[in-house]
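Enquirer: Have a look at this one.
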Ligand SMILES: NC(=O)c1ccc[n+]([C@@H]2O[C@H](COP(=O)([O-])OP(=O)(O)OC[C@H]3O[C@@H](n4cnc5c(N)ncnc54)[C@H](O)[C@@H]3O)[C@@H](O)[C@H]2O)c1
Ligand SMILES: O=C(O)C[C@H](O)C(=O)O
């Protein structure tokens, strides 16, 4: 199993590290445009192998796509992150060009690959890969909902004063400060609805904190987060590589599901060896449907800025 990660920055390196530590891939190729950077990150990570007990071989390359040939899975993290006070949507001007060039170079060398898009604004970058490559929709996956759901569970556990392993919940919709739809009514603690334990006001606070999860970290760190994003990507990669048939909310191209068309946005999917093997169309409450509709309108507006 060969995995390529483009962008050896904060998220790309974290992603490569988690993939290696989980020890399911034979090879991870890290590629970056900055001379020597991916080689350095790969060497540093390989020097953790005996300490962390993994056998995955990590190699670094400077913009040499021939070294990525025949990758089963390619992850795109190349692009600029936001600074405090910015939205993800403001990154489109620079990142769209990067994602378009990178995805086409990857496919040239790995025509059968599955692509996971991480660069922001992620739903629009996923849509861009759909519109500018000939990959089938099951092989183009946007990572956002897995991360947002992990943050939702963190906030729920904090409110419940419970261990995170007791908590389950999911965030669908666009990966943006306003567009996320935390499915509060479906969230549970050991199969009991969280509304049995928390007031409506507290649950609204949990949802609000979840939606600005990325912005909160960007304010604290001066750039956007990388540990949870890297871990979330490694979860998707592992589900595909190990044909786990696990459910994650991912950005995928919709053709009528959730009443939406011609858009990539976060919905629950089953991930296995073929990438997205099924889109799960769960019933939403009227309020959740309205939030999803508003979220889709936001993503469509950002998609309109693409030069296709
Ligand atoms: N979808 C999500 O949930 C999520 C989570 C975190 C970050 N992100 C996004 O991921 C992206 C990367 O974030 P980061 O913190 O790792 O940034 P970073 O600046 O640390 O790393 C980005 C790397 O991309 C490289 N790069 C730029 N152009 C390139 C090209 N054409 N080819 C190859 N490499 C190129 C840069 O040299 C840099 O090393 C940002 O757009 C950020 O917003 C998304
Ligand atoms: O917040 C960001 O800009 C990065 C990423 O999308 C995140 O949610 O951490």
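The count begins at 1 with the first shown residue.
Cβ coordinates come from backbone N, Cα and C, glycine included.
Any TrEMBL annotation is an automated prediction that lacks curation.
Among the features that TrEMBL reports, domain 'Lactate/malate dehydrogenase N-terminal' is placed at 1-142. The annotation NAD(+) binding site is assigned in TrEMBL to 7, 8, 9, 10, 11, 12, 32, 95, 118, 119, 120. Residues or ranges marked as substrate binding site by TrEMBL: 82, 88, 120, 151. The annotation domain 'Lactate/malate dehydrogenase C-terminal' is assigned in TrEMBL to 147-299. What TrEMBL records for 175 is active site, proton acceptor.
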Enquirer: Drop a 10 Å sphere on every Cβ of the binding-site residues 82, 151 and tell me which sphere holds the fewest other Cβ atoms.
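Expert: Checked 82, 151; of these binding-site residues, fewest Cβ neighbours within 10 Å: 82.
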Enquirer: Averaged across the domain 'Lactate/malate dehydrogenase C-terminal' (147-299), what pLDDT does the model get? Just tell me the whole number, please.
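Expert: Here the predicted model's pLDDT, averaged over the domain 'Lactate/malate dehydrogenase C-terminal' (147-299), is 98.
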Enquirer: Work out, from DSSP, the number of helix, strand and coil residues along the domain 'Lactate/malate dehydrogenase N-terminal' (1-142).
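Expert: Across the domain 'Lactate/malate dehydrogenase N-terminal' (1-142), the residues distribute as 67 helix, 28 strand, 47 coil.
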Enquirer: Find the longest CA to CA distance in the recorded NAD(+)-binding set 7, 8, 9, 10, 11, 12, 32, 95, 118, 119, 120; express it in Å as a whole number.
Expert: 17
Enquirer: Which one is it: of the binding-site residues 11, 118, which Cβ has the fewest other Cβ atoms within 10 Å in this structure?
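Expert: Selected from the binding-site residues 11, 118 on minimum Cβ neighbours within 10 Å: 11.
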Enquirer: What does the structure give for the C-alpha distance between residue 11 (NAD(+) binding site) and residue 151 (substrate binding site)? Integer Å is fine.
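Expert: One finds 16 Å between the Cα atoms of these residues.
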Enquirer: Looking only at 82, 88, 120, 151, which the record lists for substrate, tell me the maximum pairwise CA distance in angstrom.
Expert: 19
Enquirer: Which residues of the same chain, at least 6 positions away in sequence, have a Cβ lying under 8 Å from the Cβ of residue 32 (NAD(+) binding site)?
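Expert: Within the chain, residue 32 (NAD(+) binding site) has Cβ neighbours under 8 Å at 6, 7, 8, 9, 12, 38, 41, 60, 62, 63, 78.
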Enquirer: Which binding-site residues from the list 7, 9, 32, 118, 151 come close to ligand 2, meaning a Cβ under 6 Å from one of its atoms?
Expert: none
Enquirer: Which ones, of the recorded positions 118, 120, 175, have a Cα no more than 10 Å from the Cα of residue 88 (substrate binding site)?
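Expert: Passing the 10 Å Cα cut: 120, 175.
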Enquirer: Identify, in sequence order, the residues in the chain of residue 120 (NAD(+) binding site) that are 6 or more apart from it along the sequence and have a CB within less than 8 Å of its CB; answer 'none' if there are none.
Expert: 79, 81, 82, 88, 91, 95, 175, 224
Enquirer: Which has the fewest other Cβ atoms within 10 Å: 7, 9, the binding-site residues listed?
Expert: 9
